[in-house]
């Protein structure tokens, strides 16, 4: 096997991003600073693509998305969000893969997923269909745009997901809960509280949906529930505090738009979320999907089960799961396989020469990788991953310049390996020479 020469090239290629759209396009670039104003408060129908610059599918969609934007100009708004750069905005709408396209129609707080084709014609057809539905909704009395969310505090339907707390219910609901709570202390006469209310209500619904109820938004009338107001030193309105199990409450000091609130809530959720999945490479679909949908995929090649047994393998997997949890905010993919199970993958990554276990981090967009040179231990892997996150290290092209062929195989059953059983040989009919007459 030809040696793969590892050039001393900066690992910054892993983190390099370039937007796919420019100001000269008819595609409107959206960011956390303008999304609420441009999309949510707009009466227009919007098609929004959430993309990552390194995503191959996104790059292939780009010319078609631009074509659709030009065709729909002054009819339907077509936008794009660099969700790799603006994680909070992508997380706010549950974006887990790229590209994700959402249609913001009559109910801007509940966009629909676009499931159609990836051609300009298919996108335009879907947009016009959604536009017809928007007009029908308006004829039927449903209003589009932001005004539908601006209801007073007396309208319970607008704040159905905001949990009202009192002196009597607070401790049981909040302090005894395993969930994260964001609590607004308000006064009914407070103008700032009235301005915050529709944003808080809209955020509560989105956060509930995105976190499956693991982060809750609540409200306390501090003029009535004075025990709570005194306990937490409420001096002005509105005051928002964050409560987490076993920790002292902290003040929320972020922005007061729905987007800002949701962003902070999702950060809190990710801090308490489970680690990413650590998947065994048993098919080409698993390997390619994990690597293509993430900026990096971390691939571990563990020793053969006969060399470690189940206990030894599980100890390696525990280390990998621990580190996947530590680096979960990076949104990397995590894969593992057994030595010899995916020989073409090992060859392409130059794995095996250093023995097993081994690890490589792959950038599937650029078909380059970085190889773990240190020890396959928690400390050694952590140093390797930390260097990657800082954009440092040595890289090399993936052998063959393309994703290697993956062999389909059965997943590990969790048990120790077994040596193949050898057939017993019947020696009863074999004539053996007299040992005393052996000749040299």
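Cβ atoms here come from the backbone N, Cα and C positions, even for glycine.
Per Swiss-Prot, the stretch carrying the note region 'Disordered' among 95-116, 117-138, 139-160 is 139-160. Per-residue pLDDT, averaged across the domain 'Thioredoxin 2' (124-287), gives 86.
Following the DSSP three-state reduction, the secondary structure of residue 190 (disulfide bond) is coil. Cα to Cα, residue 190 (disulfide bond) and residue 55 (disulfide bond) are separated by 47 Å.
A Cα-Cα distance of 41 Å separates residue 193 (disulfide bond) from residue 58 (disulfide bond). Set side by side, the disulfide-bonded residues 55, 190 differ in how many other CB atoms lie within 10 angstroms of their CB, and the most is found at 55. Sequence-distant neighbours of residue 58 (disulfide bond) (same chain, 6+ residues apart, CB-CB distance under 8 A): 20, 49, 51, 52, 98, 99.
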